[in-house]
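Here the structure comes first, spelled out in structure tokens, and everything after it is commentary.
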């Protein structure tokens, strides 16, 4: 019996523990869920809840009407956000194996930033310190996440461009960063954590901020 319960833990067959929380670290039912959300006491992965704000969803004019933001502007805004958060966390807490940002619209997933550190101790320290910090005018809510394999958490239909649930899908729709930024961030090892420089010698993040003051982000 014990072996059977262990084999179905966190799966659809498990009637006690929430499979969505186990796979994704979030559940649309929240505290009202009829199944248990077993929050980990240790993990390599942390989640920063609702941290990223897509300007296409939030941009408004003074009269409250929706302000159009182009796809190019959104990608630049997102790359700046991603680089700043990744660099800041890696410099302060330790080497990051993987960082992912949800582009879903559901309240339990929108803007969630998942950061998988190489060491569990670094993740634990990050959670303890980040919950006392602010970013971009909002309090940071960080917690350890059960997610370690993002292949199990992602919507496969979305990756193939075929998800019919849209932004309210309960599996992760991960927003990609630009190819150049991916090479810059993941191409450098733990001994090279300073922000990458362009061929001009300037740090891209600083250059982008001077060019686009409206797209500045608050530091931790």
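Just so it is clear, glycine is given a Cβ too, placed from its N, Cα and C backbone atoms.
Under the heading N-acetylalanine, Swiss-Prot lists 2. The zinc finger annotation in Swiss-Prot covers 12-40, 149-176. According to Swiss-Prot, the domain 'RRM' annotation covers 65-147, on the basis of sequence analysis. Residues annotated as region 'Disordered' in Swiss-Prot: 186-220. The compositional bias 'Basic residues' annotation in Swiss-Prot covers 189-220.
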Helix, strand, coil: count each for the residues of the zinc finger (149-176), based on DSSP. 11 helix, 3 strand, 14 coil
Let's see if you can do this one: DSSP helix, strand and coil counts over the zinc finger (12-40), in that order. 9 helix, 2 strand, 18 coil
Of the residues in the domain 'RRM' (65-147), how many are helix, strand and coil by DSSP? 34 helix, 20 strand, 29 coil
